[in-house]
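K.L.:
In case it's useful when we look at the structure, here is the feature table from Swiss-Prot:
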type	residues	note
TRANSMEM	3-23	transmembrane segment
TOPO_DOM	24-57	topological domain 'Cytoplasmic'
TRANSMEM	58-78	transmembrane segment
TOPO_DOM	79-94	topological domain 'Lumenal'
TRANSMEM	95-115	transmembrane segment
TOPO_DOM	116-123	topological domain 'Cytoplasmic'
TRANSMEM	124-144	transmembrane segment
TOPO_DOM	145-152	topological domain 'Lumenal'
TRANSMEM	153-173	transmembrane segment
TOPO_DOM	174-184	topological domain 'Cytoplasmic'
TRANSMEM	185-205	transmembrane segment
TOPO_DOM	206-218	topological domain 'Lumenal'
Amino acid sequence: MNLFSFLGDMLHLGSMLILLFKIKNDKSCAGVSLKSQILFTIVFTARYLDLFTNYVSLYITFMKITYIAVSYYTLHLIARKYKFTYDKDHDTFKIVYLIASCAILSLITYDKTTIGIYSTFLEILWTFSIYLESIAILPQLILLQRTGEVEALTSNYIVLLGGYRAFYLFNWIYRITFYNWSGKIEMLSGLLQTILYADFFYYYAKSRMYGKKLVLPQ
């Protein structure tokens, strides 16, 4: 772990906690995409299924458990506790196509040098999670575009997610430069995710510059 990955982790965790605070404080999940949260929960479940079989450090274990716990709790709040505030009329993205596409792609591109059935299974899940994470924000961005105005905490949530991804891009550049690291899947997926955030960041920066509420074009 280096400073870039640590800061990325903190921004990632911060984004999740801000979203949790928004839902709990407002007692409402208005403006939050259940579809995106389902995708992120699948990402963490698939990526950290090795939780009890692959110990790296106390920090890594803690972060894995925290990501899984917070994502499932957020899902519970949206789908159960505050479901009467959920905007299902606008959150209609067909996520099954995203899941299926990432699953097929992971079966084609996973590291074939992995030895053993269980290790291969985990490798496929890890590859799948990388692909899925890169596009998991799509339903959320589309929901916000359909509704127009974006609440401050919701926009901060997305900005922190983008910041997390930016620091991880720096982390990968650092590892390539000093450790001859080769992670094509992570790099390509990270670039795709950054591109998806770019349009939102433009309107976010513009709203901050002029001190106005963030409004996305419909």
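Residue 1 is the first one shown; counting continues down the chain.
Cβ coordinates are placed from backbone N, Cα and C, and glycine is handled just like the others.
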K.L.:
Quick one: find which recorded stretch in 3-23, 58-78, 95-115, 153-173 has the most Cβ pairs under 8 Å with the transmembrane segment (124-144).
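P.N.:
The stretch with the most close Cβ contacts to the transmembrane segment (124-144) is 95-115.
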K.L.:
For the topological domain 'Cytoplasmic' (174-184), jot down how many residues DSSP puts in helix, in strand and in coil.
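P.N.:
Once the DSSP states are binned, the topological domain 'Cytoplasmic' (174-184) shows 7 helix, 0 strand, 4 coil.
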K.L.:
Quick check on the topological domain 'Lumenal' (145-152): DSSP residue counts for helix, strand, coil, in that order please.
P.N.:
4 helix, 1 strand, 3 coil
K.L.:
Across the topological domain 'Cytoplasmic' (116-123), what are the DSSP residue counts per state (helix, strand, coil)?
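P.N.:
Tallying H, G and I as helix, E and B as strand, the rest coil: 7 helix, 0 strand, 1 coil.
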